[in-house]
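Reading through the structure tokens given below for one structure.
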Amino acid sequence: QSGSSLRIVSAALKQGQITPTELCQKCLSLIKKTKFLNAYITVSEEVALKQAEESEKRYKNGQSLGDLDGIPVAVKDNFSTSGIETTCASNMLKGYIPPYNATVVQKLLDQGALLMGKTNLDEFAMGSGSTDGVFGPVKNPWSYSKQYREKRKQNPHSKNEDSDWLITGGSSGGSAAAVSAFTCYAALGSDTGGSTRNPAAHCGLVGFKPSYGLVSRHGLIPLVNSMDVPGILTRCVDDAAIVLGALAGPDPKDSTTVHDPINKPFMLPSLADVSKLCIGIPKEYLVPELSSEVRSLWSKAADLFESEGAKVLEVSLPHTSYSIVCYHVLCTSEVASNMARFDGLQYGHRCDIDVSTEAMYAATRREGFNDVVRGRILSGNFFLLKENYENYFVKAQKVRRLIANDFVNAFNSGVDVLLTPTTLSEAVPYLEFIKEDNRTRSAQDDIFTQAVNMAGLPAVSIPVALSNQGLPIGLQFIGRAFCDQQLLTVAKWFEKQVQFPVIQLQELMDDCSAVLENEKLASVSLKQ
């Protein structure tokens with residue numbers, strides 16, 4: 001099984017060891033083989049093959065567009081794709097075909113990437129399990145890995161195998177499963193409160209949330225405009241940096257993008273001197289719900305930096321305990337406002353009731369949205385009522401400023417990056433996950449990730465090790481605003497130290513010729 005990275009396969013394309021069409025066909029056959037994971041809502045086979053053909057011509061003429069030319073990628077189904085159905089995993093947008101591409105999608109295509117398809121998610125990206133979309137839940141590829149299965153055999157209590165599959169986390173679970181199962185080399189997610197970092201942690205991937213304003217949101221169907229950021233899922237840090245280089249930059253169509261502080265295209269430098277680093281450990285993140293395994297890995301990671309001469313400081317983010325309720329108020333308020341556009345008039349689902357406009361609106365929204373989305377709309381409209389506005393929305397905005405200032409103060413105290421857990425525990429079985437309601441789960445699952453969105457900072461989840469059950473655990477690094485490059489440089493150094501194992505899906509892929517046969521590729525990739 002090749003753990004082949006984007007950078008390695010890009011070099012293979014340039015040297016002519018493999019053609020874009022061959023690569024595309026390999027990924028397409030893996031998509032078919034792993035269909036049961038439910039990672040994709042739409043597979044854009046014809047589009048991808050046509051793009052591969054064009055890429056091949058460019059390579060033949062020595063006119064490659066760069067590192068992404070001919071590279072298979074996948075895109076979460078809440079980014080608009082011209083001519084390709086974009087559903088947000090909701091009945092409300094089933095059959096909706098956008099007339100334009102999201103800026104990030106356009107940038108990937110301009111660099112020659114191949115669009116394999118649109119990936120599954122929680123409906124309108126509201127959730128932390130990728131279990132609530134109208135197309136059904138996404139299964140975590142690690143449920144079928146050799147590492148997990150062997151640990152399960154040792155456990156005499158393991159129940160029926162088929163119903164025991166694990167969630168991917170969410171809401172970008174389809175993108176995470178797609179990359180984790182080798183069906184593409186990078187995928188776009190979105191991240192409003194952790195929706196890229198959470199599934200990355202559960203699927204053993206790098207999940208990067210850029211600084212707010214670094215990457216355009218134009219064409220990302222909005223959930224919370226002031227917190228949404230397009231996210232990047234890859235198998236290693238270098239790959240995330242390559243994709244970020246392609247995506248970053250101002251966009252006249254998104255007034256919240258800032259002038260591009262990233263030197264593009266950029267290769268991440270090696271960390272010159274770890275001993276000059278100062279790593280902050282937020283003491284408020286040591287919560288009782290944190291599993292002992294994650295806690296121990298977090299502590300070992302801090303020790304690793306210390307043993308290499310870095311300074312490790314405990315820091316305080318005093319308003320952390322208010323972040324969940326503050327996030328809930330702001331998130332639902334913006335959701336209520338954003339969801340008003342789905343009224344059955346211009347696009348998307350429309351019910352058959354024509355008694356009155358009001359009746360049509362109500363029935364359309366009742367049929368089009370699931371209970372999670374409807375619940376958030378109701379909450380948000382409550383917080384925005386004239387008599388509640390000052391007590392809820394305005395107060396939450398003030399608390400949000402305090403939370404953002406906590407981070408500023410931590411960084412001003414000399415800390416370069418913060419090191420925290422990404423999730424409370426490893427991935428849980430689906431049957432266990434659905435016992436709790438979506439709101440409770442999201443509040444728990446986003447505890448370490450959502451404050452970053454409220455503060456607009458860059459953050460990345462890096463896979464660290466396998467748990468006792470053979471499942472991935474990730475840790476999160478948080479950087480100063482717009483120091484995305486420095487953050488990724490530290491993350492790359494850490495990734496190299498921990499040597500996270502490649503997922504072994506042999507049994508899943510045994511009769512599949514689609515795995516890169518080139519053993520040289522596989523061996524090189526593991527040394528990277």
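Cβ from N, Cα, C; glycine included.
Database features, via TrEMBL:
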- 25-488: domain 'Amidase' (DOMAIN)
- LYS76: active site, charge relay system (ACT_SITE)
- 147-166: region 'Disordered' (REGION)
- SER171: active site, charge relay system (ACT_SITE)
- SER195: active site, acyl-ester intermediate (ACT_SITE)
Between LYS76, SER195, which of the active-site residues has its C-beta surrounded by the fewest other C-beta atoms within 10 Å?
LYS76
I'd like the Cβ neighbour count for SER171 (active site, charge relay system), meaning other Cβ atoms within 10 Å of its Cβ, all protein chains included.
38
Looking only at the domain 'Amidase' (25-488), what is the mean pLDDT?
95
Rounded to an integer, what is the Cα-Cα distance in Å between SER195 (active site, acyl-ester intermediate) and SER171 (active site, charge relay system)?
5
Distance [Cα-Cα, Å, rounded] between SER171 (active site, charge relay system) and LYS76 (active site, charge relay system):
9
